[in-house]
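Swiss-Prot annotations:
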type     : residues                                   : note
BINDING  : D17, K39, 66-75, T121, R182, Q191, 211-212 : substrate binding site
ACT_SITE : K68                                        : active site, proton donor
Amino acid sequence: MAQADPADRDRLIVALDVPSVDAANAMIEKLGDSVGFYKIGYQLAYAGGLPLVEKLARAGKKVFVDLKLHDIGNTVARGVESLNSLGATFLTVHAYPQTMKAAVAARGDSGLKILAVTVLTSYDDSDLADAGYRFGVRDLVEARARQALAIGVDGLVCSPEEAANLRGIVGPDMALVTPGIRPAGAAAGDQKRIMTPARAIAAGASHLVVGRPVMEAADPKQAAEAIVAEIAQAT
């Protein structure tokens, strides 16, 4: 396969949802230059994976630290400062005003971009009702997106189904990072609001988070390259 355009390659974020640093390093080695952007979430971070952020950054890779910070402002700010020092590119916080304000202030004018999580892509209207909300996913996502834009957050994490509507709300410059991406024929897993890579890009997503379709593929590098090719065709 021809070498991918780095701009297209970096729109794919591979989720390193593995239980150990050794497993993460093995997958990174398999993927080689086919992937330029990785996500480290709870599982790997709590298994000693945070130093991998700095290692990947030194190797010229981008890293999305998906810890969904949500605490009092001072605690959030200190966490942002620590993660920024490791060289992270993206960091998630929950889309509550105090949390977002603290994260944006602590980020300053560094290269770290703060992403606000609107509503988890595993949630639907019935889940919100169970949690006591009196309105649905769409209304909550829109309200939180407008708050995030006003506060100065750099991007949103949203389902691909919401990307087109949110792009109209936040404009062309804000990052829209979408999990719930499944190539045609892939199992949905625990995601309820999913879309193929090409459709998500066409809908307005700036970056696609893909885990199992790459991590569990017989040939992970080939799977990643196929997704990047689909991104390039949709751009």
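Just so you know, glycine gets a Cβ as well, placed from its N, Cα and C.
Locations of recorded Swiss-Prot features on the structure.
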{"residue": "D17", "record": "substrate binding site", "CB count, 10 Å": "19"}
{"residue": "L67", "record": "substrate binding site", "CB count, 10 Å": "17"}
{"residue": "K68", "record": "active site, proton donor", "CB count, 10 Å": "18"}
{"residue": "H70", "record": "substrate binding site", "CB count, 10 Å": "17"}
{"residue": "G73", "record": "substrate binding site", "CB count, 10 Å": "15"}
{"residue": "T121", "record": "substrate binding site", "CB count, 10 Å": "24"}
{"residue": "G211", "record": "substrate binding site", "CB count, 10 Å": "19"}
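Separating the Cα atoms of K68 (active site, proton donor) and T121 (substrate binding site) is a whole-number distance of 13 Å. Under the DSSP three-state reduction, K68 (active site, proton donor) is assigned to strand.
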